[in-house]
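Below is one structure, written out as structure tokens; the observations come after it.
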Amino acid sequence: MRHSKRTYCPDWDDKDWDYGKWRSSSSHKRRKRSHSSAQENKRCKYNHSKMCDSHYLESRSINEKDYHSRRYIDEYRNDYTQGCEPGHRQRDHESRYQNHSSKSSGRSGRSSYKSKHRIHHSTSHRRSHGKSHRRKRTRSVEDDEEGHLICQSGDVLSARYEIVDTLGEGAFGKVVECIDHKAGGRHVAVKIVKNVDRYCEAARSEIQVLEHLNTTDPNSTFRCVQMLEWFEHHGHICIVFELLGLSTYDFIKENGFLPFRLDHIRKMAYQICKSVNFLHSNKLTHTDLKPENILFVQSDYTEAYNPKIKRDERTLINPDIKVVDFGSATYDDEHHSTLVSTRHYRAPEVILALGWSQPCDVWSIGCILIEYYLGFTVFPTHDSKEHLAMMERILGPLPKHMIQKTRKRKYFHHDRLDWDEHSSAGRYVSRRCKPLKEFMLSQDVEHERLFDLIQKMLEYDPAKRITLREALKHPFFDLLKKSI
């Protein structure tokens, strides 16, 4: 029986080993990105006062080591069509994604038209182990000083799972790829949670959600990642999952931040909406939807030289996805934390502390879809007021009734956003953001339909925002339904 109030652990939302990050695809160190949930709230207490207008000096570069380094978007679509260097579209990562590296999935260093006939198979690789805060606890002889289980290839867990590789390691635990010797030698992913009370309790909360979803949908018809089982190993909770491909973010990153094809976006979007609608129908809100938490079932691709951008371009073979990371999922009747979602995908009602429910997931999906379409986020910021200013630049003014209702009065003056468009920050927002429809790369009817869907998902008022049940009937998916 699930608890009426879920245990909340700040590091749960900031874990740098969540399932979406296990299947990485780049050996390059990642830049920080905006904080998820409570970790961001905590750091804001110390860092908000440090923000000043000079921080937004236009001479700053993407390589600045400023704490508030942001993930930059392209100035305009020409930067994308002319084949901008990938670094200009690089995503800023938060602490939950620090120290993450892996081996590239077999790409040749030389462009070749012959490569269009070559199929590449994505592979996982060990992530580098970053520093984390030491915690007072009782350690077993098999734990390191931070609470990680000490293990290596060849070790066997629960007399069944033989470790063959470490896929990820972070503040919350580690993830290993294993051979399941009691299931015909299939490969699985096993999360090994730190032997620390608060982490174990948070893991139990996720297990409750996963058990509910797996019982309700045993065949994974609704594309939520399947938990195969869980067990305890010397004080560590271990969760066994099916092994999936790369996250959609990792695929974009490995592909030089080039966007997905429209037909792939259509299929991915439909599956995401169907999956999350399943959560909503079961009185759950995911609360942390983002490209990192959407994984391909298989991320194999073909590769061919694209003369327009003068580089190799990867094309997925199969765009089928699954939704992962239910550590922050919240039932309707449970306590709702004030701050949820990763910054770039955070709904306005969350920023304004107006309360949230399932519509905040719909907003996140809208942000995800435009990122799939462009290859970059349209909300590259770490600051709430600047985030609201970007929303207004892209979507128009915030509704007065939401402004009047919020207790975040510091963001407003006379029921308007307190924002100076002529300041350095204001010029930055004006330069980097533009009305939503101006991001369209084509006036084709299918592009129009996609942006109509995105606009309905990015409706400010959660009461007026399209539901996922309605979204699944949107004309953008008509071609998909005809092909079934």
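Placed from the backbone N, Cα and C atoms, the Cβ positions cover glycine too.
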- According to Swiss-Prot, which residue out of Ser24, Ser101, Ser140 bears the annotation phosphoserine? Ser140
- Query: If you draw a 10 Å sphere around the Cβ of Leu167 (ATP binding site), how many other Cβ atoms fall inside it, taking every protein chain shown into account?
  - Reply: 25
- Let me know how many other Cβ atoms fall within 10 Å of the Cβ of Ala171 (ATP binding site). 26
